[in-house]
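A.B. asks: One structure follows; several queries about it will come next.
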Amino acid sequence: MRTPRGTCSVLPSANKGLMIGALGVLIFAMTLPMTRLAVGPLEAPQLPPAFVTAGRAAGAGLLSVVYLWAVGAARPRGAQWGLLGVSALGTVLGFPLGLALALRQVPSMHAAVITGLLPLTTAAIAALALRQRASLGFWVCAVLGCALVLAFAAHEGGGALVAADGWLLMAMLCASGGYVAGARLSAQMPAEQVISWVLVMSLPLTLPAAWWSAPDTFASVQAASWGAFAYVTVFSMWLGFFAWYRGLALGGALRVSQVQLIQPFLSLLLAVPVLGEALKPATLGFSVAVIAVVFVGKRMPVGR
C-alpha cells in the first residue's frame, strides 16, 4: 500500500512535537514542588517569596539578553510592546508571586489541584478577550471546574477558604491573561523570542526588586532551596517555554495541548519524592475530577 506523499515527513514532525511538548509539561509540573522547596513552609522559611519571584525573572531575563543577541532577534514594534507588557504582568510577576506566596502556606499538592483548572481559565479568558462565542457547554464546564476547585479548597481549609487559595486563584488568572497575550504575539514573532522579550522588558523592574528582596543572610538558606531557585529560574521561567512553544509549533496546538492535562498528576507525583508529601485520596479524587472537567471543556466549541 502506497504512503500518501508528505506523510513520512509529517508524522515524525508531529511525534517530535508531542515529545517536546511533553518535556515542557514535565518542566512546568516540577515548578510547584520546586517553588515550595525554594520558599520553604511557614515553620521553616527559606527564600522570601518576593525574591523568588523577582530573582527568577531577573536571572532568566539576563539569559534572554544573551539569547536574543545570539539569534539577532528584531526588536518588537508598536502594539507588540503593549502585549509584551500584559504578558509580563501575568507570567513574570502575577503568577510567580501568587504561587510563591501560596506555597509558603499550603503543600505543593494542594496548589496542583487548584491550578489544574489553568487550561480552562486560559480558554475562558481567550474567549472573552478575543470576543469569541463560546458554547453553553463550555461555560458549564468552566463554572463546574471553579466549583470543584472552591470545594476542594474549602475541604482542605476545614470548611473555609484560606488566604493561600486566594493567591492561587490570582496566580491562575494572571497566568491565563499572560498566556493569551503571549499567544497573540506568537503569531507575529518566533515563540521563543516572545518569552525572552517579555523577560528582557521586565528587567528594569525585576533586577532592583531582586536586590531589594534578597534575604539578609544567605547562611540560613539550605542548598536544596538554592537548587530549587536555580531550577525555577532556568527551566520554569525560560527553557520550559522554549520546549512548550516548540512542541506546539511542530505537533500542532490542538494535539500537543492535550498533554497539559497530565500536568497536575505529574505535580502530585513529583511532590512525593521531592518534598516527601503524602498523597491523600481526597486530593487525588479532586484532581481527577478537575482534569475530567478540563478535558470535556476543551472539546466544547468556541466560535468566532
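The backbone N, Cα and C atoms fix where each Cβ goes, glycine too.
TrEMBL does not curate its annotations; it predicts them automatically.
Here's the feature list from TrEMBL:
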- 16-147: domain 'EamA' (DOMAIN)
- 20-39: transmembrane segment (TRANSMEM)
- 51-69: transmembrane segment (TRANSMEM)
- 81-103: transmembrane segment (TRANSMEM)
- 109-129: transmembrane segment (TRANSMEM)
- 136-154: transmembrane segment (TRANSMEM)
- 160-182: transmembrane segment (TRANSMEM)
- 165-295: domain 'EamA' (DOMAIN)
- 194-214: transmembrane segment (TRANSMEM)
- 226-245: transmembrane segment (TRANSMEM)
- 252-272: transmembrane segment (TRANSMEM)
- 278-297: transmembrane segment (TRANSMEM)
A.B. asks: Between the transmembrane segment (252-272) and the stretches 20-39, 81-103, 160-182, 194-214, 226-245, work out which stretch tops the count of Cβ pairs under 8 Å.
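C.D. replies: If we count Cβ pairs closer than 8 Å to the transmembrane segment (252-272), 20-39 scores highest.
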A.B. asks: What does DSSP give as the helix, strand and coil breakdown of the domain 'EamA' (16-147)?
C.D. replies: 104 helix, 2 strand, 26 coil
A.B. asks: Taking DSSP states H, G and I as helix and E and B as strand, how many residues of the domain 'EamA' (165-295) are helix, strand and coil?
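C.D. replies: Taking each residue of the domain 'EamA' (165-295) in turn, the totals are 112 helix, 0 strand, 19 coil.
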A.B. asks: Report yes or no: does the transmembrane segment (20-39) come within contact of the transmembrane segment (136-154), defined as 3 or more CB pairs under 8 Å with a sequence separation of 6 or more?
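C.D. replies: With fewer than 3 qualifying Cβ pairs, these stretches do not touch.
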A.B. asks: Between 0 and 100, where does the mean pLDDT of the domain 'EamA' (165-295) sit?
C.D. replies: 90
A.B. asks: Between the transmembrane segment (51-69) and the transmembrane segment (226-245), do 3 or more CB pairs sit under 8 angstroms, pairs being 6 or more residues apart?
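C.D. replies: These two segments touch.
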A.B. asks: For the transmembrane segment (136-154), what are the same-chain contacts with Cβ under 8 Å, counting residues 6+ beyond its ends?
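C.D. replies: Long-range Cβ neighbours of the transmembrane segment (136-154): 110, 113-114, 116-117, 120-121, 123-124, 127, 160-162, 165, 169, 282-283, 286, 289-290, 293-294, 296-297, 300-302.
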